[in-house]
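Features of the protein shown, as given by TrEMBL:
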ACT_SITE  A:Tyr154  active site, proton acceptor
BINDING   A:Gly12, A:Ala13, A:Ser14, A:Arg15, A:Thr37, A:Asn62, A:Val63, A:Asn89, A:Tyr154, A:Ala155, A:Ala156, A:Thr157, A:Lys158, A:Ile187  NADP(+) binding site
DOMAIN    A:6-185  domain 'Ketoreductase'
Amino acid sequence: MPLADKVCLVTGASRGIGAAIAKRLGEQGAVVIGTATSETGAQAISTRLTEEGVKGKGVVLNVTDADSVASALKQITEEFGVPLVLVNNAGITKDNLLMRMSDEEWFDVINTNLSAVYRLSKSCLRGMMKARWGRIINISSVVGAMGNAGQSNYAATKAGVAGFARALAKEVGSRSITVNTVAPGFIDTDMTKALSDEQRNTMLSAIALGRLGQPEEIANVVSFLASDNASYITGETIHVNGGMYMSQ
Amino acid sequence: MSSIEERVKKIVAEQLGVKEEDVKNEASFVEDLGADSLDTVELVMALEEEFETEIPDEEAEKITTVQLAIDYVNANLN
């Protein structure tokens with residue numbers, strides 16, 4: 001088992017890509033801690049992990065609250081050990097054209113999608129440094145690379161986490177800690193279901209493979225990056241978008 | 001209970017992967033003991049943990065030798 005008994009922390013694991021990542025890491029032998037913002041959500045993750053035969057549980061964690069991060073990390077470390085794989089997946093959208101965007105829409109998205117990556121990575125890094133091994137994997141988006149009208153806040157955070165990964169990769173590389181980014185394209189989740197049919201059709205026509213991606217297709221790449229097979233990849237952004245956007 | 005000096009030297013040896021007998025009082029972490037910038041941060045964090053204290057960044061920057069670390073702990077503990 002490539003990830004046997006490694007404690008993996010996946011934020012935003014209630015549904016969509018996060019849920020698929022939690023499952024896939026669990027199948028690789030990891031102890032998976034999935035976070036949700038509510039007690040009911042955490043309970044649902046615990047139940048699902050148990051049904052899937054995965055070790056670990058769901059915990060309540062508000063990624064925008066430093067105290068919540070600290071107490072959740074303490075609880076996880078005491079119960080399971082230090083997380084050596086961190087998947088920064090939790091994310092939200094609050095789309096609006098910039099001319100109409102409120103401060104609240106801007107800062108909520110920055111706080112949940114970008115500042116949370118800072119908070120979580122910093123909290124987990126100490127344990128990884130001591131272990132002389134670690135994996136931080138940020139979930140970005142194709143939108144961070146190619147842009148999308150109405151998503152200036154979201155795109156800024158998604159480009160931001162990739163830059164963050166490149167800088168941190170240089171800081172902690174000497175400790176065998178890798179920091180990478182996975183940039184999904186148009187994936188079949190609740191987040192993309194919120195788009196209108198017109199938006200959906202326009203995007204579909206731009207995808208070389210001609211279909212939406214499945215959350216499992218993102219989870220496969222994340223589990224590869226978490227494994228020792230990816231030990232020489234760091235600071236990299238891997239695009240997983242069916243040919244919707246091809247970086248040079 | 002070992003003395004502060006012994007405790008500091010033990011941590012330095014552990015963190016920097018050097019022998020305790022090489023950890024002389026006058027030794028500089030970077031020049032004599034081969035520490036890089038990340039090592040020095042880790043060292044300060046380990047000292048904070050051992051002595052249950054918080055070392056502010058501007059103080060941490062000045063702790064460049066074993067003796068300076070011992071002095072800092074002596075001056076700021078109790």
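The backbone N, Cα and C atoms fix where each Cβ goes, glycine too.
Please treat TrEMBL annotations as automatic predictions, because they have not gone through curation.
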Next item on the list: Within 10 Å of each Cβ, count the other Cβ atoms and name the one among the binding-site residues A:Val63, A:Ala156 with the highest count.
Entry: A:Val63
Next item on the list: Determine, to the nearest whole angstrom, how far the Cα atom of A:Thr37 (NADP(+) binding site) is from the Cα atom of A:Tyr154 (active site, proton acceptor).
Entry: 20
Next item on the list: Using Cβ-Cβ distances, find the residues under 8 Å from A:Gly12 (NADP(+) binding site) that belong to the same chain and are at least 6 apart in sequence, listing them in sequence order.
Entry: A:Gly18, A:Thr35, A:Ala36, A:Val63, A:Asn89, A:Ala90, A:Gly91
Notebook entry, point to check: Once the chains shown are all counted, how many other Cβ atoms turn up within 10 Å of the Cβ of A:Tyr154 (active site, proton acceptor)?
Noted result: 22
Item checked: Residues satisfying Cβ distance under 8 Å from A:Lys158 (NADP(+) binding site), sequence separation of at least 6 -> A:Asn113, A:Ser140, A:Ser141, A:Val143, A:Gly144, A:Ala183
Checklist line | Number of other Cβ atoms within 10 Å of the Cβ of A:Ser14 (NADP(+) binding site) across all protein chains | finding: 21
